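Since the structure comes first, as structure tokens, the remarks are kept for the end.
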Amino acid sequence: MKIGIVVFPGTNRERDMVIAFERVTGFTPQIIWHRETALPQLDMVVLPGGFSYGDYLRCGAMAAHSPIMREIQAFAQKGGYIMGVCNGFQILTEANLLPGALLPNASLRFLSRDCHLRIERNDTAFTQGWKQGDIFRTATAHGDGNYFCDAEGLKRLEGEGQVVFRYASPNGEIDPSNSDFNPNGSINAIAGIVDQTGRICGMMPHPEDMVDPLMGSEDGKPLFQGIMETLTR
Amino acid sequence: MKVRLIIMLKQGVLDPQGKAINHALHNLSFQEVQDVRVGRVIDLEVTETSPEKAKARATEMAQQLLANGVIEDFQVEVLA
Amino acid sequence: MKVRLIIMLKQGVLDPQGKAINHALHNLSFQEVQDVRVGRVIDLEVTETSPEKAKARATEMAQQLLANGVIEDFQVEVLA
Amino acid sequence: MSKAQLIVNEELGKEFGLSSDEYAKVLTIMGRTPSLTELGIFSVMWSEHCSYKSSRAWLRNLPTKAPWVIHGPGENAGVVDIGQGLAAIFKMESHNHPSFIEPYQGAATGVGGILRDVFTMGARPVANLNALRFGSPDHPATRHIVDGVVRGIGGYGNCVGVPTVGGEVNFHASYNGNPLVNAMNVGVARQDRIFLSAAAGIGNPVIYVGSKTGRDGIHGATMASAEFDKDAASKRPTVQVGDPFVEKLLIEACLELMATDAIVAIQDMGAAGLTSSAVEMAGKGGVGIELNLDHVPQREEHMTAYEMMLSESQERMLMVLRPDRTDLAKEIFEKWELDFAIIGHLTDTGHIVIKHHGQTEADIPLEPLADEAPLYHRPTAPSPKPEPLGAIDVDVSIEQSLIKLLGCADLASRSWIWDQYDSTIGGQTVYRPGQADAAIIRVDGTNIGLALTTDCTPRYCAADAYQGGAQAVAEAWRNITATGAKPLAVTDNLNFGNPEKPEVMGQIVAAIEGMKDACNALDFPVVSGNVSLYNETRDANGENVSVLPTPAIGALGVIDDVSKTIGNVFKADYDLVVIGATKGELGQTLWLREILGKETGNPPQVDLQAERRNGDFVREQIANGVIEACHDVSDGGLLVAAAEMAMAGNVGCTLDVPEVGMRPEAYWFGEDQARYLVMTSQKDALLQAAKAQDIPVRFIGCTGGDSLVMPSGAVTTIARMKAASKSFFEKLMKV
Ligand SMILES: Nc1ncnc2c1ncn2[C@@H]1O[C@H](COP(=O)(O)OP(=O)(O)O)[C@@H](O)[C@H]1O
Ligand SMILES: [Mg+2]
């Protein structure tokens, strides 16, 4: 399994991602510097969290228009898998690889706390480690995670089953209007989506920080197990 | 030549910042305020000397990078 | 009546956003860009009908709340 | 505009902050009237901030050595051995005044500055902490300052990708016009790759990297600088704006360069920017330095030598490189898209020489600049003794008192703050804020754990600065001990009022004395620190009142196996034991202040022998697995400690030992020191071990349920406690 983690200036959660892949799958991802002009042979590209270009302008905007993204677009065209977490999700929407946009949190404040996600479908590489309806705890840490898309886009997303992770209460109830459970105010409590092919996934929370009991939980492990099962099959 | 881009959230996109400011202004007794929308200004100093061309280029910049068409509209103004 | 506030960093104050955007525009081959400054727009919908009064009130709002006088300057414009 | 309009004389020296004596000294050293740039250099190097002229004589008394101390005070940050060839590098620094002027940027640049102090020594920063003091919650400015400071700390720390894992907050009217923002950073480096600032190698190039220089923060000489640049509308703000994005690049670039053999010496440009970094590097190395300012990367036009030397633009570093490695270094900094310029070289003249536009703007001998820096033994006066405790007359029940205390400014849940700080980035955070008495971070790639805390109780210091200084150190040591880690060393941030007032100077001296005794008794040396004086608030009558004396202590502990650390969270069905003697001291307690509205009596007395004995016992029992959760008893006393552990774990407890020989309030809310509330499933073993070592212990109840149940049978639900605890920030920060 060949995973490439792309590092832009200001990316800062790449190390967390490396640790998670190593710990859960035993595979060591390679780091790809944003100035590289060609991608190596890869099964999956990961865009990790952070503040690419300081998140100045809009989160992820400048990274989305940097040269390496052309390669990543081509990689997507050829059927490659892509996962964007937090800033990576923002980059994927800014690059139009995923629909919608991430607006400032409804509270207008950065939020770093644990939340619960419900698995909406488990037939993707990213969710097959769970059962549909499973609830898991994960960390969040972002200022702009408030998922938005217009009414038509939302209908399409929901209709096609592209929502894979939703913010939920610890018991699995979904209540988009409750800020305890839907911390950033996302529309329909959407926390993560896939594109129409199911091979490109973006999510705001950080399962990669939840793979070690010492750090409080191993709830994030199934993400990486699922990816490994798909990519080593 | 100086060009100004004004970038605002599209009608229909929720603007929590505008809402918060509206609220805060009411608390300060600016009761006449009915609605607040918050956006971004980007002032560009460019070498281009033709206003038309400068405007066209700034439009390109907005489309490619500076505005996000999914949620934002923009206007271009040549300042000087 | 609609009033627009344009709030920019004072001359001489470092504008990290502008700097980064300038850089990104160059990477996208907008070589003509020499300098970028980023600011905020706040559009206020007010009940006031006299342009002078509206402007005066918006100025008060900026001074009291909307602009940070330590590092920002602002302009008021009556739009409609 | 011409510099000639500014005549350098004693008068101007005064405006620049130099006393008549100091100005006379400058004349003697120079043997002539200094140039404007030279005067600027003297004034910043001899400022309180750079020279520690009021505190230096006393700071010397603090213990700074231990077998595990690699570098103590004098370097950019303290360095201690944490095993496996690794070192922890840490320091705390204030940004008080800037945070009042512009809370967001003031706090943000405070974080940026302390990060640079740490990574300049070769460490990768792994954790931030912040010790904050704000004005009274009802003061109209407080909300705005809290909002800006917290956003600023989060904004900078989150962006650079360093987790913010702990800190403390107090509110008091003395901080109304002068909040205290003390930022601490901790980094980890290999012991054989630690970088120092002493320059060496005559002829070696001096390199400037990072952001460009603008006219930011040129105060010291404030007014004056505006005068000779009329067109720039004298209103130029002196506020520095931070750019955490550039800081992140700077960290990566510096660490990449540090993996090579290119660097001879390196120093961040902190306060007084280019001046202090150049002077200190050359001074420490015993060499001369010549800079040509034409090569300094500049953000603004027509900057003068004076402005460039005094600018406090952020995110800049100065380095001395091996001459054959400059190309390599340039390549690295260009890769990270940072400015890189050779701006000078080392000389054998022993002078700092500044050239600009072909002119020599300054030429100062370095030795006297350092050696003859002013040093004051300012007069001290004892502080008035606190009013006696007085009669205690209460009609508020224990339960009501508890609820009131949990919602008070100094005890209420701080989650509103820490929720805005990324505390998990890096994937090494074992205990976040609110989960343990000290934050616990694993050192990446090892099992080593670092325990981090900041502590100080200003109201104790105000009542008795000696006891307060000792208490701050003891509490920090206790907080680390309560996690199972071994306390190693201290960084301090001494925040006081105007040292020219004898009572303030008396507080400074007494607090340092208390710190010294505690550090000695606890084997807890001071390895770095910072002093911030002249912190004053103008009161309603226009008088300047000093802030409460606030010697903030930041501390670090270590444990070889991080999985052995414990938190302060209740789980169901354990026994609860108090370790340490309860005498029921009520002087200066929160209970007294919040329930009776009195701030009287002596603060709880620190018994350093008891601290040491009880703490060593607790650590031993944690290592043995006998203690499974632990919380030190401090602000609010025993009942508050139990309530905090209950809220953290969502598990209640039944307290079934009635208080003995004292009024219940004294037992439950007294703030006697050297105590821990611990949770165990091996009560008998614990009690026996304590007895064997003559440690005072007392079984006080069991955990379980969803409420706190008093011996009287009175029940307080966790939900109610949590609501009270949350209400303070909700109310304060409500839009
Ligand atoms: N400014 C802050 N930033 C981050 N965490 C904080 C801050 N202030 C307090 N905390 C956290 O809140 C918890 C309680 O703080 P405090 O009451 O000072 O603890 P204690 O009195 O036990 O030392 C600790 O985990 C502390 O790190
Ligand atoms: Mg503490």
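Glycine residues also receive a Cβ, built from the backbone N, Cα and C atoms like all the rest.
Keep in mind it's a predicted model, so treat the numbers as computed, not measured.
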Matching residue for the substrate site, where TrEMBL names D:Ser94, D:His95, D:Asn96, D:His97, D:Gln240, D:Glu312, D:Ser313, D:Gln314, D:Ser532 - out of D:Arg116, D:Arg124, D:Arg322, D:Arg325: D:Arg116
Co-listed ATP-binding residue [TrEMBL; alongside D:Tyr52, D:Lys91, D:Asp492] among D:Gly17, D:Gly122, D:Gly529: D:Gly529
Separation of alpha carbons, D:Glu312 (substrate binding site) and D:Asn530 (Mg(2+) 1 binding site) (Å): 18
Three-state secondary structure, D:His95 (active site, proton acceptor) (per DSSP): coil
Residues satisfying Cβ distance under 8 Å from D:Glu93 (Mg(2+) 1 binding site), sequence separation of at least 6: D:Gly110, D:Gly113, D:Ile114, D:Asp117, D:Asn182, D:Ala183, D:Met184, D:Asn493, D:Asn530
D:Gln314 (substrate binding site) - helix vs strand vs coil (DSSP): coil
Top Cβ-contact partner of the domain 'Phosphoribosylformylglycinamidine synthase linker' (D:12-53) among D:74-189, D:202-355, D:436-558, D:576-703 (pairs under 8 Å): D:202-355
Neighbouring C-beta atoms (10 Å sphere around the C-beta of D:Arg116 (substrate binding site)): 27
Cβ pairs under 8 Å between the domain 'PurM-like N-terminal' (D:74-189) and the domain 'PurM-like C-terminal' (D:576-703), at least three: no
C-beta crowding around D:Asn530 (Mg(2+) 1 binding site), within 10 angstroms: 23
Number of other Cβ atoms within 10 Å of the Cβ of D:Asn96 (substrate binding site) across all protein chains: 23
Site extent for substrate, whole Å (max Cα pair distance, D:Ser94, D:His95, D:Asn96, D:His97, D:Arg116, D:Gln240, D:Glu312, D:Ser313, D:Gln314, D:Ser532): 20
Of D:Ser94, D:His95, D:Asn96, D:Arg116, i.e. the recorded positions, those within 10 Å of D:Asp268 (Mg(2+) 2 binding site) when Cα atoms are compared: D:Arg116
